[in-house]
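Notes follow once the structure below has been shown.
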Amino acid sequence: MQGLTSVRDADVVGKRILVRVDFNVPLNEASEIVDDSRIRSAIPTLTYLHEKGVAKIILLTHVGRPEGKEVETLKIAPIAKHLQSLISYPEIELRENLRFDSREEANDEVFAKELAALGDIYVNEAFPVSHRADTSIVGVPKLLPSYMGLRFEEEVIRITEALTPAKPALAIVGGAKFETKQPLLEKLLPQYSEVLLAGALANDMLKARGLPVGVSLVSEISVPRELAQNTNLGTPTDVVVELNSAARVTNTADVRQGERIVDIGQKTIAVWSEKIKNAGFVLWNGPTGIYEKGYVHGTDALAEMLTRASCKALIGGGDTDAALLKFSFDPSRIFVSNGGGAMLQLLADGTLPGIEALKSN
């Protein structure tokens with residue numbers, strides 16, 4: 001992407017490097033880290049800086065939503081301890097939770113100057129939060145020479161590839177809130193041979209096409225007619241439905257009153273698996289079913305097929321990632337984005353606030 005420069009091109013020797021990371025990792029009630037993948041994703045950049053002989057590496061991150069107040073359970077200490085167990089570079093300093101200061105989420109100029117004073121060079125290694133206009137994401141880069149971290153750079157390259165995918169290109173988009181996904185769908189349709197809808201998005205489309213959805217989760221807005229009539233937007237042909245904790249598989253035309261759609265059915269799995277097998281590129285965000293309630297079969301089946309296929313793929317979204325990680329795969333072929341919301345916004349808009357901030361300096 002034009003206007004962006006990698007940390008590889010920065011003169012970092014002997015400098016104080018301010019690195020915005022995303023260590024907003026899930027913690028259990030004992031303040032133990034449940035998933036450290038975001039911490040591990042920053043290690044190549046930290047190792048690179050260490051080996052180049054920087055004077056200091058100052059890490060900035062947020063944890064949770066403390067709303068400008070100091071919250072004991074959201075302090076950085078357990079994360080700092082875990083980081084030290086992975087790499088023990090003496091020049092690393094992990095600062096306290098940025099969101100303990102309300103100015104972080106306000107893109108405050110004074111706070112930006114205070115943070116910028118800590119370093120000589122700024123590196124963004126926090127792609128997952130670069131769709132937010134926070135002070136440490138968009139304010140600080142305007143005040144220091146600014147660069148992409150190694151993982152940030154890889155995210156941008158691999159996600160940008162998905163905007164001009166190898167044909168035939170297939171997208172699978174799940175999740176809820178049709179109104180938030182509509183810009184993405186409109187961006188994908190001209191470039192993708194077919195966009196398959198799953199989850200609540202599929203419910204919205206089935207309803208718009210006059211099919212029964214029972215008491216399934218749907219959006220508050222109506223699907224625009226031009227999208228409802230677009231034959232390149234695919235939906236399941238059969239689904240798993242639940243009523244009073246009892247589940248059955250049915251054609252989408254036969255969902256009964258009171259039933260809730262909870263996953264795609266076996267016929268749909270077979271058809272979609274064949275599409276994945278024959279695709280040149282697959283973009284996938286969001287599970288096919290209500291993953292948190294144990295309806296994982298559709299998602300897991302498609303994930304397994306993707307690992308056996310030969311196409312390149314971009315995957316994003318926590319539950320989709322979790323399904324894929326149950327199987328072994330070639331990371332050079334299948335890229336699992338840390339981004340989620342940032343990935344979707346970059347696909348829809350072609351840029352992010354954090355990207356534009358790096359371009360400015």
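Cβ atoms are placed via backbone N, Cα and C, with glycine included.
Note that this is a predicted model, so its numbers are computed, not measured.
Look at TrEMBL and you will find Asp22, Phe23, Asn24, His62, Val63, Gly64, Arg65 tagged as substrate binding site. Residues or ranges marked as (2R)-3-phosphoglycerate binding site by TrEMBL: Arg38, Arg99, Arg132. Sequence annotations record features per position, and here TrEMBL assigns ATP binding site to Lys181, Glu292, Gly317, Gly318, Asp319, Thr320.
Features recorded in TrEMBL, as mapped to the structure shown.
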residue: Asp22; record: substrate binding site; Cβ contacts under 8 Å, 6 or more apart: Arg38, Ala42, Thr61, Glu125, Ala126, Phe127, Pro128, Val129, Asn338
residue: Phe23; record: substrate binding site; Cβ contacts under 8 Å, 6 or more apart: Arg38, Ile39, Ala42, Leu59, Thr61, Val63, Ile76, Ile79, Leu83, Leu94
residue: Gly64; record: substrate binding site; Cβ contacts under 8 Å, 6 or more apart: Asn24, Val71, Thr73, Leu74, Asn97, Arg99
residue: Arg132; record: (2R)-3-phosphoglycerate binding site; Cβ contacts under 8 Å, 6 or more apart: Glu105, Pro353, Gly354
residue: Glu292; record: ATP binding site; Cβ contacts under 8 Å, 6 or more apart: Asp319
residue: Thr320; record: ATP binding site; Cβ contacts under 8 Å, 6 or more apart: Gly174, Trp284, Asn285, Gly286, Pro287, Thr299, Ala303
Lowest local Cβ density (other Cβ within 10 Å) among binding-site residues: Arg38, His62: Arg38
Maximum Cα-Cα separation in Å among residues Asp22, Phe23, Asn24, His62, Val63, Gly64, Arg65, which the record lists as binding substrate: 14
Secondary structure at Arg38 ((2R)-3-phosphoglycerate binding site), reduced by DSSP to three states: helix
Additional residues surrounding (2R)-3-phosphoglycerate, by Cβ distance to the Arg38, Arg99, Arg132 centre under 8 Å: Asp22, Asn24, Thr61, His62, Val63, Leu98, Ala126, Pro128, Val129, Asp134
Cβ neighbour count within 10 Å of Val63 (substrate binding site): 22
Inter-residue C-alpha distance, Gly317 (ATP binding site) and His62 (substrate binding site) (nearest angstrom): 20
DSSP-derived class (H/G/I helix, E/B strand, else coil) of Thr320 (ATP binding site): helix
Gly317 (ATP binding site): tally of other CB atoms within 10 A of its CB: 23
Lowest local Cβ density (other Cβ within 10 Å) among binding-site residues: Arg65, Arg99, Lys181: Arg65
Other CB atoms, at most 10 A from the CB of Asp319 (ATP binding site): 20
